[in-house]
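Okay, structure first, notes after.
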Amino acid sequence: MASSSSSSSSITIITTFLFLLLHTTAKKTYIIRVNHSDKPESFLTHHDWYTSQLNSESSLLYTYTTSFHGFSAYLDSTEADSLLSSSNSILDIFEDPLYTLHTTRTPEFLGLNSEFGVHDLGSSSNGVIIGVLDTGVWPESRSFDDTDMPEIPSKWKGECESGSDFDSKLCNKKLIGARSFSKGFQMASGGGFSSKRESVSPRDVDGHGTHTSTTAAGSAVRNASFLGYAAGTARGMATRARVATYKVCWSTGCFGSDILAAMDRAILDGVDVLSLSLGGGSAPYYRDTIAIGAFSAMERGVFVSCSAGNSGPTRASVANVAPWVMTVGAGTLDRDFPAFANLGNGKRLTGVSLYSGVGMGTKPLELVYNKGNSSSSNLCLPGSLDSSIVRGKIVVCDRGVNARVEKGAVVRDAGGLGMIMANTAASGEELVADSHLLPAIAVGKKTGDLLREYVKSDSKPTALLVFKGTVLDVKPSPVVAAFSSRGPNTVTPEILKPDVIGPGVNILAGWSDAIGPTGLDKDSRRTQFNIMSGTSMSCPHISGLAGLLKAAHPEWSPSAIKSALMTTAYVLDNTNAPLHDAADNSLSNPYAHGSGHVDPQKALSPGLVYDISTEEYIRFLCSLDYTVDHIVAIVKRPSVNCSKKFSDPGQLNYPSFSVLFGGKRVVRYTREVTNVGAASSVYKVTVNGAPSVGISVKPSKLSFKSVGEKKRYTVTFVSKKGVSMTNKAEFGSITWSNPQHEVRSPVAFSWNRF
């Protein structure tokens, strides 16, 4: 009979062996880059060739031909290693990256009482097709009404797929295409759909995709509101543009293999604009599936708009930073949803709310804070509150960790009758309104500190919550949202990101009937519209505006459209003061707002644009520490000649400047501008310098004689003696102006790489 110790050892060895066996044989989705031109003539298609290199045909998920050269497959690590070593045609293999979603009044705030106020532009945007990669679409939304829309443009090569609870007949002359891509998601979920709520079709059961697509190009819907809030006409930026949706995001996120397949298809379908309100962490461009797909789109004249991320105000948190992508941060509107907490000590605290249920009456209720079963009760995490203490009371919950609306649900389930969600330092003074399941308001950090102190110091603290509906013409606005991700750009610090900010706080747009406005399973309410916040909301604003610019200037490249939006952006709010940051109410800077807040009226006629060709982007890539194979992965060419590479990535003809001294005292960049204004135009330069940097521009005057004429100028940046080499940043600007136009470029200065 074996001893107990030897039996234990045997069990440990067997358990370890089984763990290692499972670990080494566990399958994952891999993206495989292939030398496209190496396909043997014996294979009719690349699909056939790729399949021949796999042990099983069923392992192949997608074949990529446009946005990427290669395929994705479901393999274990041994198979992946074997595949990489089996052929010189296999250039790279990497795991499927996971991305996440970056989750009305807007047209008026942007000055779009009609599309740019140009009557002919509305009809001309009929030919623009905006592709939205997201959670799908709710086609029955009134925002997809196609009344008076002309026939679908002949360039459209896409289709409307049928699927679970989705008939292809649901598409029309407004919503012209709908597809879904789920192979990467299914493989990550064990080969199937893990959630009963998933719809194996383009149908949106999340709401996010319907919200973003209707923000970009929703038809005008009168008498729209969210439970009585934000009442008026809801419409997208480009109300007459067509929408094509590509469902790539599922319950566990958005997988790179699915995103690449959707971008591949969208480019071939004939979209003019791609809108992606999703992203992940930073990666080299040759491993960034969005950047790779976006390069192919740009090369074919497709404008790509991406959200900057919701990881602000953390420094260097910005996502989607490739220079051929428009990276969009978020700002506030001049609309608010005020709510108040009348305290028992006579003070009135101001906050916001979208609560629409039965009010609290006139009797104040007792306030409690941090009363629960765990140390996390201050955050109101699930199961953290003691119902015997919070029942019948208003609970103060700190913002953070779990979803804001979930906190309200936790309070309600514990028997609480109301909630005040108080910001901490992470969110500062930013106020985001939510449609809680019980009476609730959100307050900023300073107000929250007063509230927490009141609860702790008063023997019987009380409050009464009061809701005041919708208020317009709020000042100051816009303000940079605290959640909006910040620069500097960690992949290429010489490129300033984000590019611009747009409306991204408390945005009204269409919604899915499959889910309540909070997104919680226990929310039984159904609404046609919802109010959401995030750079997910600001991104489609710019996508729609890009569509309008494309309609007005069909000859403009994606880089020219991007330049027009950036150089005409404004940096003063509606009180004529510099933009502020909601995180701490301090002055904002280009790491937070990029070139500024978009101004579509001015973008229509920018005067000058900074255009960038595909060859210039390749010279930019050559200036990075990438191998030729890495660059080929992005540009999809048989070979790349880097003999004319830029000496510095900052030499790219970008509409903004990010100067990294990195031990040097002098940095010199040359830019080229193209005249898109009056034929005979003269521009003079104005420099707004930084305390530690001298700036000189030569020449100081640019004279144009014709439309399309190009002129160059050189900027010399000199770090003043005695400047300490720290992580500090300073900012300035360079503006070319004449009586009709101001073409402004922000400048960011840093001395050390982040």
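Residue numbers in this text run from 1 along the chain shown.
Every residue gets a Cβ built from N, Cα and C, even glycine.
Annotated features in Swiss-Prot:
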type     : residues : note
ACT_SITE : ASP134   : active site, charge relay system
ACT_SITE : HIS208   : active site, charge relay system
ACT_SITE : SER536   : active site, charge relay system
DOMAIN   : 29-102   : domain 'Inhibitor I9'
DOMAIN   : 98-604   : domain 'Peptidase S8'
CARBOHYD : ASN35    : N-linked glycosylation site
CARBOHYD : ASN223   : N-linked glycosylation site
CARBOHYD : ASN373   : N-linked glycosylation site
CARBOHYD : ASN641   : N-linked glycosylation site
SIGNAL   : 1-26     : signal peptide
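The helix, strand and coil residue counts that DSSP assigns across the domain 'Inhibitor I9' (29-102) are 23 helix, 28 strand, 23 coil.
Within 10 Å of ASP134 (active site, charge relay system), counting C-alpha to C-alpha distances, fall the following of the recorded positions ASN35, HIS208, ASN223, ASN373, ASN641: HIS208. Secondary structure at ASN373 (N-linked glycosylation site), as computed by DSSP, is coil. Checked against ASN35 (N-linked glycosylation site) by C-alpha proximity, the recorded positions ASN223, ASN373, SER536, ASN641 yield ASN641 as the nearest.
Averaged across the domain 'Peptidase S8' (98-604), pLDDT for the predicted model comes to 92. Taking a C-beta cut-off of under 8 angstroms and a sequence separation of 6 or more, ASN223 (N-linked glycosylation site) has the following same-chain neighbours: ALA231, THR233. In this structure the alpha carbons, written CA, of SER536 (active site, charge relay system) and HIS208 (active site, charge relay system) are 8 Å apart. Classification of ASN641 (N-linked glycosylation site) by DSSP places it in coil, neither helical nor stranded. The DSSP secondary structure for ASN223 (N-linked glycosylation site) is strand. When the alpha carbons of ASN373 (N-linked glycosylation site) and HIS208 (active site, charge relay system) are compared, the span between them is 34 angstrom.
For the recorded site, SER536 (active site, charge relay system), the DSSP three-state label reads helix. Sorted by the number of other CB atoms within 10 A, the glycosylation sites ASN35, ASN641 start with ASN641, the lowest.
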